[in-house]
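Novice: Take a look at this one; I'll ask things after.
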Ligand SMILES: *[C@@H]1O[C@H](CO)[C@@H](O)[C@H](O)[C@H]1NC(C)=O
Ligand SMILES: *[C@@H]1O[C@H](CO)[C@@H](O)[C@H](O)[C@H]1NC(C)=O
């Protein structure tokens, strides 16, 4: 690099740092005092509500706790903290208590065989899903005023599979309009607040889900991810989330998909407080035809994997990686170097600096028309909608208006982007092979204040790269920064090697502690 390009880079970093500080200052002043979600009222409730889904399942099976008690506890927890979080669209569902009571009754009578337990690994465990994923009989608004009382008649395939695994649906959670933004705010429900600092963004689009999981309002949850929609909220709210390999989960019923679409960047996946929940959830969710390919049951020898990291995506539009975030990567590298006795090598991946453009292009190739979705079937005129917004007469959030305007801006150059994507993809595939794992920053900084992304939104390219490349990626919480906000890392592998990401996520949880409650723990 020449001298002048170094100078330019330094200037750019300075502009980013100054604008970041300025936004934090102004929005912090506007949004008032720092408040966190309150903790459960007793030590017993705290211990019950903060368990992992696999631990809940085991204790229900062994009749150490009753499914009824845990469903009731989560429903009460939602009732007591949703005013702070504003995360729920529909629920808590009273019939969940009846389902739990029936499970407890059958458990007491020993009516379940070992085979039943094997088929229903989450028997009696409460779960939730984002509103855009259909649940029979429940609201299915996609955050649109025009759909405020629309209910779904069927379950999305992933919801059906979760129910079949014995899990009990207790609520649906907030999303940005038609899932297409990195905050979870709309004109129907409003904005969802971050449990660690109610003034801050939960991310999007599975933001209601991440807030509920982090604040111990549900056992675990379902997200979907087309540009980071599982991982952004999981990062902002300090929980785990896994975006599976493309095609691994049937998308039928998620944002009106049929499940027959080919070559889509979107995938449904698990979100949880513990890394140990992700693999059994994946076993429930994956396409039967992919069981042999994904080999989720196969043991992973962490000492024999090859580990790589990337220090920055090099995108001029992104904030520079801050010191506390850099420190996370350093700690992880040191840990895996100690574990394997080999270097965690820096990876040079071409074209990550145009991730924003690549993702924007590939979004136009999706088998979905986001403008029609937003109009609930009617074509919206971006200029009319912008004008209405300015007059305060719009049914849409500013983020949705951005999306509409973006659709009439010049398109990306097709040939250039396709070539750039192919080169990037080949380089990662060659590098990682069948035993490589890549550590990639989640974001250059921790959860921003509400509205910050309306001004600086490009940081999400750290997530969307792996939608562009169709690679599995696990979001792992890595403790809190000096402001008490969740830090994190993404763990990435080649297609269908999800089990490597999940095994590494479990190792990171064992070593660094995983989810940290957003409230002070009662002793
Ligand atoms: C996904 O599930 C739907 C509904 O059950 C089904 O119609 C569709 O064929 C499935 N897709 C695939 C690829 O199996
Ligand atoms: C390296 O690993 C050993 C055990 O294998 C452990 O005792 C030691 O504390 C580790 N060092 C670091 C820096 O993590």
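Just so you know, glycine gets a Cβ as well, placed from its N, Cα and C.
Annotations per TrEMBL:
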ACT_SITE  130  active site, charge relay system
ACT_SITE  205  active site, charge relay system
ACT_SITE  229  active site, acyl-ester intermediate
DOMAIN    69-502  domain 'Amidase'
SIGNAL    1-19  signal peptide
Novice: Which of 205, 229 (the active-site residues) has the most other Cβ atoms within 10 Å?
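Specialist: Result for the most crowded candidate: 229.
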Novice: Starting from the Cβ of residue 130 (active site, charge relay system), draw a 10 Å sphere and report how many other Cβ atoms land inside it.
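Specialist: By my count, 34.
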Novice: Taking every residue in the domain 'Amidase' (69-502), what is their average pLDDT?
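Specialist: Across the domain 'Amidase' (69-502), the average pLDDT comes out at 97.
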Novice: What Cα-Cα separation, expressed in whole Å, is found between residue 130 (active site, charge relay system) and residue 229 (active site, acyl-ester intermediate)?
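Specialist: With distance taken Cα to Cα, residue 229 (active site, acyl-ester intermediate) is 11 Å from residue 130 (active site, charge relay system).
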Novice: In whole Å, how far does the CA atom of residue 205 (active site, charge relay system) lie from that of residue 229 (active site, acyl-ester intermediate)?
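Specialist: Each residue's Cα considered, residue 205 (active site, charge relay system) and residue 229 (active site, acyl-ester intermediate) end up 5 Å apart.
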